[in-house]
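Structure first, commentary second.
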Amino acid sequence: ATATAGPRSFSAAEVRARCAQGACLVSCRGRLYDLSAFVRLHPGGEQLLRRRAGSDVSAALDGPPHRHSENARRWLEQYYVGDIEPGDEQSFSEPVDEKAVDAAAQTPEQTDLCYKTVNVEKDLVDWQKPLLWQVGYLGEKYDEWVHQPVDRPIRLFHSDVLEFLSKTAWYVVFMVWTPVVLYLSWVSYTSLAQGNTRLFSSFTTEYSIPVHKYYFPFIFLLGMILWSLLEYLIHRFVFHMKPPASNYYLITLHFLLHGQHHKSPFDSSRLVFPPVPASLVIGFFYGVLRVLLPEVLGLSVFVGGLCGYVIYDMMHYYLHYGSPKKGTYLYGLKAYHVKHHFEHQKSGFGISTRFWDYPFQTLIPEETFKKED
């Protein structure tokens, strides 16, 4: 029988040399991890990891400022590449050169190390086959499995055509819906400018309220606010429903709608909603507004909501792949959203804003966002 090769050992000098070339290797309890592919995705910012390149991160994982979740520790294991040579562990407690960190951040990542993305032999599904038709059989194990994220792409369908249609680049949403927003905004404004739109006219003519064209920005803003509420409600009650363990079809539907995103949160091709299914949902809500409001008012609210949707999709992509400046609104929102993925899946449902998490009492505890040293 052929002997299985054990983990490779790395000397402190070799690790330092790789870090000097732009790689980001860290140790934890004698094990070595290459985070080069993860630094730009880190919710605490790239520089925070760069400052720890070539050092031991055991204390940082245990906190303060916060203890990393079990999901974060599982995520780290995906980048395991070997062990530290005996006797070299002490070298990883030495301080890191800040100038070297800044230089490494400007250096293209150079690494030939291979990453273990997931233990395909021990996982509950066969990663060599489309997952959509497998997850329904996980039953009571599905909820725990889907909330243990991995860093690898997911294939949903057998059909190459369906698989292609299930993926969308972020800029497609902007290119498809921005012209629609601009056109419908012009139609709404010019219709209001005719001066014959009145609120409550279907109930009373004596006390109906005229709606002038100058009201359009406020109606548009109302639509955006209503969208932010709808965004929260859909994310919480639809995307995060817990399907019955005995219902194969509801588990499959949940995985298709949102579960696959929680299983692979950094799959860039599935961070925004494909235009074809989005148009069906958007059309439904437009029909509801047409029934509830006069035609022009319904259209004005709708176009504001549509603009809010476009902003939401762009922000969602950016919260996963962007590098916002520390101290900015988006920096805090990125940390907030990634916390939702890794540690607080039952709270933190706001994406473009945390506002609705306050009144609905689903805010992620503030103590988990203490300032990093």
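Glycine is treated like the rest: Cβ placed from N, Cα and C.
TrEMBL: automatically predicted annotations, no manual curation.
Feature annotation from TrEMBL assigns heme binding site to HIS42, HIS68.
Taken from TrEMBL, the feature Zn(2+) binding site covers HIS235, HIS240, HIS258, HIS261, HIS262, HIS316, HIS320, HIS337, HIS340, HIS341. Cβ neighbours of HIS340 (Zn(2+) binding site) (same chain, under 8 Å, six or more residues apart in sequence): SER347, GLY348, PHE349, ILE364.
Feature annotation from TrEMBL assigns domain 'Cytochrome b5 heme-binding' to 7-85.
Sequence annotations record features per position, and here TrEMBL assigns transmembrane segment to 169-189 (among others).
The annotation transmembrane segment is assigned in TrEMBL to 214-234 (among others).
According to TrEMBL, the transmembrane segment annotation covers 271-293 (among others).
For 299-319 (among others), the entry in TrEMBL reads transmembrane segment. Tertiary neighbourhood of the transmembrane segment (299-319): same-chain residues 170, 173-174, 177-178, 180-181, 184-185, 187-188, 191-192, 216, 219-228, 230-231, 268, 271-273, 278, 282, 285-286, 289-290, 293, 330, 333-334, 337-338, 351-352, selected by CB-CB distance under 8 Å and a gap of 6+ residues from either end.
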What average pLDDT is reported by the model for the domain 'Cytochrome b5 heme-binding' (7-85)? 82
Chain residues in Cβ proximity to the transmembrane segment (214-234) (below 8 Å; excluding those fewer than six residues from its ends, i.e. six or more beyond): 185, 188-189, 192, 285, 297, 300-309, 311-312, 349-353, 355-357, 360
Reported as an integer number of Å, what is the Cα distance between HIS262 (Zn(2+) binding site) and HIS42 (heme binding site)? 16
Give me the Cα-Cα distance between HIS320 (Zn(2+) binding site) and HIS42 (heme binding site), rounded to a whole Å. 9
